[in-house]
Amino acid sequence: MIAAEPLFRAEGLSKRYGGVIALDRADLEVHPGRIHAILGENGAGKSTLIKLMVGVVAPDEGRMTLQGREVAFARPAAATDAGVVCIFQELSLIPDLSVADNIMISHPPTRLGMIDRRRQRAIAEQALHRAGAGDIHPRALVKDLPLSRRQMVEIAKALARRPKILILDEATSALTASDVSKVFEVLKRLRTEGLALLYISHRMHEIAELADECSVFRNGRRISTFAAGTKTDAEVIELMIGREYKHAFPDKPVRKSNGRPPALQCKRLGWGDRLKDISFSLHAGEIIGLGGLDGQGQRELLLALFGVLRDCRGDILIDGDTVKIDSPVAAKSDHIGLALIPEDRKTEGLMLPMSVRDNLSAAAFDRFATFGIIDRQRQSALIDEMIRLIEIKTASPDLPVSALSGGNQQKVVIAKWLMNRPRIILLNDPTRGIDVGTKQEIYRLLRRLADDGAAILLYSTDYDELIGCCDRVLVMYDGAIRRELAGAEITERALISSALNVDDHEPTEASVG
Amino acid sequence: MSDAMASQQAHRGIAMLRRIDPAVAASFGCILLLLLVGSLYSRSFLSPDYLLQQLKVASFLGVIATGMMLVILLGQIDLSVPWVVTTGAMMACAVASHGTAGVILAIPCGILCGAAIGFLNGIGVAYLRIPSMIITLATNAVAQGLMVAYTGGFSPQDSASKAMRYLATGNVVPGLPNAVLVWAIIGAAAIWLLSRTTFGRAIYAIGNRERAAYLSGIDTRRVTMLAFALSGALSAFGGVLLAGYASKAAQSMGDAYLLPSIAAVVLGGTHILGGRGSYLGTVAGVVLITLLQSILSVMQISEAGRQLIYGAVIILMLLIYGRQKV
Amino acid sequence: EPETVKGPAAEPECMVPWAGDTKFFKFPAKKGPYRVALANGYIANTWRIQMIQTAKAYAAQPEVKAKLKEFKVVSTGEDVPAQISAINNFIDSGYDAIVVNAQNPTAFGPVIKRAKQAGVVLVAFDNILATEDAINVNVDQKGLGELWAKWLVKNVADGGKVLEVRGVAGTSVDTDRHNGFHSVLNGSGKKWQVTEVVGKWDDGVAQKATADAIATNGPFDAISGQGGDTGIVQAMLDAKHKMVPFGGETENGFRKFCAAKASEGLKCSSAGTGPAQVAVAIKVALAALEGKVVPQSVKLPLAVVEDPNFKKDQDYFPAQSDNFFVGNSFPTCGINFTAQEIMGQSKENQ
Amino acid sequence: MTEWRFWLAEQRGTLLAIGIFVAMFLIYATNHPAGFSANMVQTAANKATLLAFVAMAQAIVVITAGIDLSVGMILTLTNCLASWIVVGTATETALGVAGVLGTGLVCGMINGAIVIFGRLQPIVTTIATGAMYYGIALFLRPNPGGSVNETLADALTGRLFGVLPTSLVTLTLVALLIWVPYSRSVVGRAAFATGSSEVAAYMSGAPVRAAKFAAYTLAGLLSAIGGLFLTFFSYTGEAAYASGNAYTLFSIAAVVLGGVSLMGGRGSAIGAIFGALAFRTIGDLLFVFDFDPLWQPLFQGLVLMLAVSIGAFGLVRVRNRLEWFG
Ligand SMILES: Nc1ncnc2c1ncn2[C@@H]1O[C@H](COP(=O)(O)OP(=O)(O)OP(=O)(O)O)[C@@H](O)[C@H]1O
Ligand SMILES: Nc1ncnc2c1ncn2[C@@H]1O[C@H](COP(=O)(O)OP(=O)(O)OP(=O)(O)O)[C@@H](O)[C@H]1O
Ligand SMILES: [Mg+2]
Ligand SMILES: [Mg+2]
């Protein structure tokens, strides 16, 4: 459909990992001045394609051309030099360096062989502004920034490299709506400047807003490429998952009060100045959402409940009894029964090099060990059951989790806690970077768990999720619960306005994609 | 149904394959190679007597390296080995001089002293979050200080008891030195501990990513502390065995065990940053180091040459099989 | 600045000059009591601990104590610069004499210069200083090697296989003893086949090395060990090696074996100079301060006991630790510590 | 205002090291019998400079999340070499110095090459190369001895203008000429990046290999400067195994006291220098306090323990337990 010579072309790219075919003779054309979206289920091979493109891994077969010349980048640095820049799904920022250092890591301005920090800082500031993240201090250490800010730094870093082709592999997955809109403006501007953009995301509405053309991948192959807007969401999703697509969210049952005390209740919970007088109750069978802009204390609230934070004020009641939770060990004990699905699966949820078996066991030793001695049979039985139940795609439970795709890794994190049969489940953005199909499975799973009597507290950066999944939503702002929404009150408009701490009846200026 | 069966079998197959670590296999290969090269120099390197004696000597290092391995699996290191070994030996001998009760309590007391120092290391690492490399260095200095003061101040009794001697040099099973038996038992216990207990799995989990382990509700601090205590206890037990072997305890008897124990663990394929490694590998590493030292020791070359060859051979062996994956 | 004078020394029986051409010093007499320091290096082995115990015991003897205003001991560990700095500090702090067990014989040039300028008496012992500007209380290390070799030559009829267990490589003591040992063997006219292993003067290391040597190169017809000799005999026993003539150091444990196993063929020459030589060094330092004539290089007698003369509770002490170094008496200097004195002295102190 | 806070956060480790050192040195100086004199400062400076060079070497490697257990042996090797070749006329001496520094450089390059291209774990690699370097040192100096150009030696261990210890001046110069440019160069920053997260650094296109190679090479060079200084200080060469090992272990202690993170990515060689000065002062404290000689090692151990535990006090302020895991 586009006549002009493509800027970049890949032909017959394949990549095998042991028995797994990650990419199977895939091809792709990228044109300047266009945004090309790539869609596909978890494990479809999207990230693998990108890694081949920028030389992180070498293809088993196939060839790539850039501006008509054949290329094979040996290292990411070589790709960067040639103008192919990627923001990887796994962030590639260096935690102990400053934001400015990170942005200019590969080509800093130098004077007399030393880095010219003054100029570096100026360039970095400029790049941050271009990425719409002027609020980030260039001297701040990356490790001190929340995840959403880090992703903005990634984007600034990519921009500072003056790319010809910019690849974003789920670069917006941790961003809040307002950040996303800023990033989109930047991307659109880059498009007019003639850049070629490859955009990978699981968020359909982002793609609808942004893309000029879309390619759908399935099982390592490119299934279809079409101009954006020529297919409905449902059609696209069916292409992705290869079967018929049903309604995204399970029905919410009408919950009847049974007069029992709430499974979890907070009374005036506080922590430093990050959490202020949080009070709410969560009943068995209920799913409560936590909303609000990122970084308003949601993460801290979950951590406080899970016993990670010290010196918390206020009370936490489980089944009506005040309890003291001072560690995850206490939190998961039988009489409390908490579970926390953490935010960052790579560093907090998983031991990446260890097997699926070990990861699934880590939180639930008590279920198959007596006096600390593991009953192998019981362990295997439980694990096999859980892998079936959650439908984790792995050749064997003895494979390292690092070999699973992002979505399946996330399933392992959830399954790990389900192994322990928790009664109260705290989830910190569990569907980040997860494809629609898997998301649906997770939604159904959450509802099923709730129906079976679990109490669920779900933080999500995705408003659709809050609307579709939750019985009630607590919107947080600046460490406090700004508003509680229930039932039909949970609308995008209500969520956004309370997140921005403005009155519901005034129009909001935040545009959501 | 049959599908499930087949997949189960496939799982087992993969599990088995994964258990035979190529690094472990290669390190056992290197042992054979070393013996062959040695036999070119003298046939006696292949004699059962010599090999058994090497196993006996290796068992001291083996016991100590077992503790070191636990700690390395955590991603930590224990530099207090030298003086914990000495403390174990000297305290056992000291207690042994106090009548019958002393003789009975000698070995447990020695081990307990080591465990106490290890415990201190563990508290420092786990609860005070001091890097293990430095806190163990400090406790090593303190243990040395205690032993020097003790030797100078209390006219120590440093002869090993009969039991200690028997444990290190006797034969319960004819032909097999007790020390080797002790190592075999400790080794079996270590394998069991590492693979079949929650404690062992927790060690691997912490070594891979402590933060994730903590958030999984593993009491990472207690596990770390216990691992260090165990390391201390095993070092001290190594000291007790050594004292039995030499029939006495002496000040600097632990000096020769620090670097070899680290080298043995790493030669055995355990990752120095923690989380990966098998005990069988450590066994191979210990035997390798012991054999290498022994063969070099009797070859009539200058000490300078010995050191050169020792270093070069370790590097060569690691290059053969110890390379990290990229 | 001492003046170089003619001998003999003030106490000629004790302060025997090293050689015929050894200089004699006469320092300007200072008024007592004196501030004396002992700059030790490594401390964490039995020999050094015993040495420090002896130094303390000697300094506490009434007639010595009367001459001392202060006696300070500092152990600086293995590295030479720390010991050099300690001596510098002692000089700067105005000590009258410094006794040193040097970590390295050649490294102290600059310090010796400074001590000389400051008029501080510097006395080295055990590991001495390669200089003519400081006083050395000298053990004849080469002579020790020679003595052991002579013993083996005498006791093994027509040569054979010898196991030589050496000390710490790279040190002068090890090399001197080794050279002395070999020069005598080579000159003996008998055929010797020497197997060398490194024992590092440590029982454990020596025991292992010996065990290996016996298993691969044994059996041996004679053995010599620079240290760790208890371990060496232990390894022989463990390997059921026949008892053979042995030239070794003065560890109590070794001498116990020598006495017990002599009938089985363990014919020993046990020689060395125990840690008590520190007392001689202090004595020489005090003499120099008092303005008495002292040799620049004092030759210490070797404490030699040879088979069949091992006497209980005189040459060895069954009740004492194996690690205890015997040979603590220098009768010509009036220094005669018994084991009980050295080990017991501190008990009252604690 | 915020700029100032960022600067403070960056320099916290170094400032703490300076604080510890100043406090200790004040205790030492005020109790010194000779008082705060030029002699006393010179003595302390000469002794500490040596360790400071080795600590700088260690710090540069530790920043890349590696470790170099061969620094002490490179020091020993270059000391032995210098005692042969840094003699004679000015030209000969200059060539000798160049030769010694070049040797250190090559040793470091060997370490770097093995770690990078052999993909071996630094800990055991440098244990092995350390043995080899010691072997060579022993070849060079089977006995202590040799000599050095005494004019140069005296100049570099003496005083400038009668007050300023030349060794401190040299140390400052080396820090300014090596560390400052290095830490601000692209490669230096890549070294920090590598230590902080090697994968991220690689993905970001930072020159990871060059950074590691440069770090080990510089470590070799700095150790060689240490070895050279040892020669100037002692006028001789000696292949002393125990002392080489001691320097290696001390360098780790100094680096930690100097606020360099053993996990890599954080710290500075300046901090390590002050860590070394502080560590050396621990030894000096013996001199001014009247301890029974046999209790001195214990005292030293306890002070070291205390010093390394100071960092743990920050733990009280940590209110998010996840921060334990860095
Ligand atoms: N290093 C590896 N070792 C083994 N298998 C791998 C490895 N990396 C990827 N795979 C496999 O390759 C397949 C494709 O993975 P890829 O990461 O490209 O998926 P993706 O489309 O990016 O999925 P997601 O949306 O979850 O990120 C998956 O089945 C995955 O398990
Ligand atoms: N690590 C850093 N990251 C980002 N900006 C930095 C960093 N270090 C310095 N800067 C900024 O770069 C500018 C000039 O740096 P310069 O090299 O002069 O540092 P400096 O002010 O001397 O700092 P220092 O004394 O800490 O080295 C300053 O505006 C400073 O804020
Ligand atoms: Mg992906
Ligand atoms: Mg994904």
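Every residue, even glycine, has its Cβ placed from backbone N, Cα and C.
Please treat TrEMBL annotations as automatic predictions, because they have not gone through curation.
TrEMBL has this to say about the protein:
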TRANSMEM  B:20-42  transmembrane segment
TRANSMEM  B:54-74  transmembrane segment
TRANSMEM  B:81-99  transmembrane segment
TRANSMEM  B:105-128  transmembrane segment
TRANSMEM  B:135-155  transmembrane segment
TRANSMEM  B:175-194  transmembrane segment
TRANSMEM  B:223-245  transmembrane segment
TRANSMEM  B:257-274  transmembrane segment
TRANSMEM  B:279-298  transmembrane segment
TRANSMEM  B:304-322  transmembrane segment
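Contact check: the transmembrane segment (B:279-298) against the transmembrane segment (B:20-42) gives at least three Cβ pairs closer than 8 Å, residues 6 or more apart, which meets the contact criterion. Tertiary neighbourhood of the transmembrane segment (B:81-99): same-chain residues 64, 67-68, 105-107, 109-111, 113-114, 117-118, 140-141, 143-144, 146-147, 150-151, 156-161, 163-164, 232, 235-240, 242-243, 248-255, 257-258, 261, selected by CB-CB distance under 8 Å and a gap of 6+ residues from either end. With pairs at least 6 apart in sequence, the transmembrane segment (B:223-245) and the transmembrane segment (B:54-74) have 3 or more Cβ pairs within the 8 Å limit; the two touch. Between the transmembrane segment (B:223-245) and the transmembrane segment (B:135-155) there are fewer than 3 Cβ pairs closer than 8 Å, counting only pairs 6 or more residues apart in sequence, which means the two stretches are not in contact. The stretches the transmembrane segment (B:135-155) and the transmembrane segment (B:304-322) do not meet in space: the count of Cβ pairs below 8 angstroms, excluding pairs fewer than 6 apart in sequence, stays at fewer than three. Nonlocal intrachain contacts for the transmembrane segment (B:304-322), taken as residues 6+ away from its ends with a CB within less than 8 angstroms of a stretch CB, comprise 22-23, 26-27, 30, 34, 263, 266-267, 269, 288, 292-293, 296-297.
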